[in-house]
Structures are given as C-alpha cells and as structure tokens.
Amino acid sequence: SSLSVLVLSLSFAYCLSAPVPQDEDSELTPGDLQLAEHYLNRLYSSSSNPVGMLRMKNVNSIETKLKEMQSFFGLEVTGKLNEDTLDIMKQPRCGVPDVGQYNFFPRKLKWPRNNLTYRIVNYTPDLSTSEVDRAIKKALKVWSDVTPLNFTRLRTGTADIMVSFGKKEHGDYYPFDGPDGLLAHAFPPGEKLGGDTHFDDDEMFSTDNKGYNLFVVAAHEFGHALGLDHSRDPGSLMFPVYTYTETSRFVLPDDDVQGIQVLYGPGNRDPHPKHPKTPEKCDPDLSIDAITELRGEKMIFKDRFFWRVHPQMTDAELVLIKSFWPELPNKLDAAYEHPAKDLSYLFRGKKFWALNGYDIVEDYPKKLHELGFPKTLKAIDAAVYNKDTGKTFFFTEDSYWSFDEEARTLDKGFPRLISEDFPGIGEKVDAAYQRNGYLYFFNGALQFEYSIWSQRITRILKTNFVLMC
C-alpha cells in the first residue's frame, strides 16, 4: 500500500547520530543524552513522521532542533542541552510533534462536515467500561460546546474518530514507548487513519489525579483529531506536556476556543461564556493573587499560574500551579515564606498548605482557625512575614492581623484597619512580600514600596515591575 511504501521510505530517512551538544555547566549522564537524542528524533525530526510529507532535504542539525524545542517551550535558546531543557524532555506528554514542519500533515486540515462519529474500539483495564465511555464523551463535549460540531457514537463499523488503547507497536507504525513518556497520539482529519486517537495502554489511566487522567489526555488528543496543532501557551489544553486539572469544573481555555473556532466557527450552546485566559506578565493592568519568596526565588501567583523569577534568570517563567502541585487548588489567595524554618505557606479559602522546598509538608492542608482566626473568617487576602520582628501580617478585606510565629498565636489588639497603620496603600491588599527592609504591598495594578523603619511609602510602582517589565 502507499502507506507501506511511505514507511519503507522513512526507514532510510535521516536519524540523529551526532552527539547532542550540552551546556558545560550541566552534569548530564549518558542516559540523559540518549533521552534527548530520542526525544528530538521522535518529535523534532521528519524521520519520525508516520504519515504525511517527507522532508529529506536541508535536515536541521541537532543544535537547530534543540533551539526549536527550547523556543517552543519558552526556554533560553542556546542550542545546548541543559537541566531546564532536560526537565521538559522528561515530562509526560502527547506523542504528536510540536513544530508544524514535523507534524503529521503539512497544512491545516478540518472535517468537511459538522456531524461526526466516534467509536471506542477497545478498553483499558485501568477503568470500567462506563468510566471510559463517560471520559471520552465528556472530552468530545469540550469541543462541541464551543463549535457547531456534533458527535454520535457508533458501536460497530468505521467511525470518523476511532478510539483505541494499545501498547508499543499497535498498527500505525508509530509505536508507543512504555510507561510515562508519550501518553497518546491522534491523527488530523482525513481518510483512513484520519481522526483516529490512540492511547498508550502501558500508562495508568484514571478519573482523578492519580496516574494520567483519561479525560484530560483525551480532550487534548481530540483537539488534534479535529485539526489543531500544539500550542505554545502553557495554559492551553493543546500545550503538549500533560498537566492534571480539576475535571469537574473544567472550562476550555480561551486559546483553545480561538483555535478551534478558526476551523469550525462558534457554536450557540456554550455553557461557559467566559473562558480562562493566560495572563500576560507585562499587561499594564496586571493584578496578582499572591507572592512569596522560596529559597531566593520569587513566586508570583495569578489565576491558575505562577511566575518563577530567579536572580539568575533573564526572564520570568510562567508555570501552571497544577504542574508543580496537583494537590493544590487552581487558584491561591495568599502566600508567605518563613526562611528560618525553610517553610512557605500557601492559602486558599479556609485552608492552607506548607511547603518545604517544593514538597508539600505532611499533615497539610490545615484550617485557618488552627492559627487562631475565628471560624467565620472565609479567606486571607495577603500575608507577609517580617523577619526582623518575627511577626506575620495577615490581610483580609480592610483589616489586618498580626501573628507571632514563635508563639504561634495571634497578637492582642487585632484586627486593625489597614488604612490607619499603612496610610496610602489603599483599603485592601492583594499580595505582599518583604525585601531589604521594605514591605511591598500590591493593590490592583499598583505596588507600594513601604519602609518598615520610616513607616511611609517610598515608591509607587506598577505591579508588573516585579516581573521585570
């Protein structure tokens, strides 16, 4: 068949064989280099391409492929393998290539009709058949909610989207790689394999945050089956790296809505008129939810995300909260660090968590009232620890409390009004942190630099100044 000829031709295609260039400061093992070579050969080389267009001429060098990969993920583009690049390569992900020229098809494809069929060919032993059925149906509904598309299930015969579970070589000349690594792949709209969606049955699929959530993986893959490429937006469902998200309240991100509606247009049954957008760090109107330092690194929280700002970094890195801590909620209210204890505290609603480094401490979350707050208190707006006094200020609405970290009790005489003790910063605080004898209070798009010793505002800055804007 023509597919067999194509696959035979691919066996003679270029394969990475030159050594992978590496950063001199990185301590990489031979296994790391082998992983990187395999990753680039699989996801950034046309020789890995099971279907579509062959590109035998002007095959890019390994250094160029590394640069492409680093650029796609927003890393520092060096063309050399380093720890940050390797960390991305080690994360579980979709098996579809990231860059268009290496993708299954050379141009945008879409289904020529809005009424599509799907069939679940077989099942994973990890879940009951009803759990798989529900996850697949819900994953397709993510896309039909925002488009005119309709999906009808077939029990027999050939459907537009054939859903199956398989291991290693599973019939499409694009084998899976065992546990972790590549979780699934899907083919864009078209005949034969077009639309078909395959899941690696060496993975442990689940309906929660254990293993890999089938709904999350399937919703991503169906994006490919409908014609979408990977997105560079880390908040997008079509970002190639797997991140668990709460499925009960899942709303398709705006980036994905925009992409799918370019292909099929909007629908008229969207239950979520507002779709979450990825924050822009240099937005002049940017406000933040929380800020803290963690072992010298600033962590600035906004919606589902946080920015990492390290003294040695030239730019802020945007990361999903769930990609670091699947156990945490999608949004935080407040955060602060107690450096002497090597602990950071994160707050949401009436609960709070403690971090030692990046690890959540056992026996957390705990309740706010365990710190002495009244049980009627619903949330903390901001928190900041003053290392000179050993006190932590907790801000809520127009008031604040003082907490003695040594005694682990609230100080008497509180709460007090923010406007009386910190005049000029406004009647509420969104976030706060301390640095070099100053408290920094964030209120909407502004931050106020407040001298602890003179007890006055010394500078007013834009909130995005903390993100090097």
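Cβ atoms are placed via backbone N, Cα and C, with glycine included.
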Further binder of Ca(2+) 4 named by Swiss-Prot next to Asp289, Asp333, taken from the candidates Asp196, Asp200, Asp201, Asp430: Asp430
Zn(2+) 2 site partner of Cys94, His220, His224, Met238 (as recorded in Swiss-Prot), chosen from His198, His230: His230
N-linked glycosylation site: annotated position in Swiss-Prot, out of Asn115, Asn122: Asn115
C-alpha spacing of His220 (Zn(2+) 2 binding site) relative to Ala335 (Ca(2+) 5 binding site), in angstrom: 32
For Cys469 (disulfide bond): intrachain residues, at least 6 apart, with Cβ closer than 8 Å: Lys281, Cys282, Lys462
Secondary structure tally of the repeat 'Hemopexin 1' (279-328) (DSSP, helix then strand then coil): 4 helix, 20 strand, 26 coil
Which of Cys94, Cys282, Ile291, Ala383, the listed recorded positions, has fewest other Cβ atoms within 10 Å: Cys282
Neighbours of His170, Asp172, His185, His198 excl. site residues, C-beta within 8 Å of centre, Zn(2+) 1: Gly95, Ser164, Gly166, Gly171, Tyr174, Pro175, Phe176, Ala184, Asp196
Same-chain residues at least 6 apart in sequence whose Cβ lies under 8 Å from Glu203 (Ca(2+) 1 binding site): Pro179, Asp180, Leu183, Gly211, Tyr212
Spatially closest candidate among Asn115, Asp160, His170, Asp289, the listed recorded positions, to Leu182 (Ca(2+) 3 binding site) (Cα to Cα): His170
Pairwise CA distance, His198 (Zn(2+) 1 binding site) versus Cys94 (Zn(2+) 2 binding site), rounded so that it is a whole Å: 11
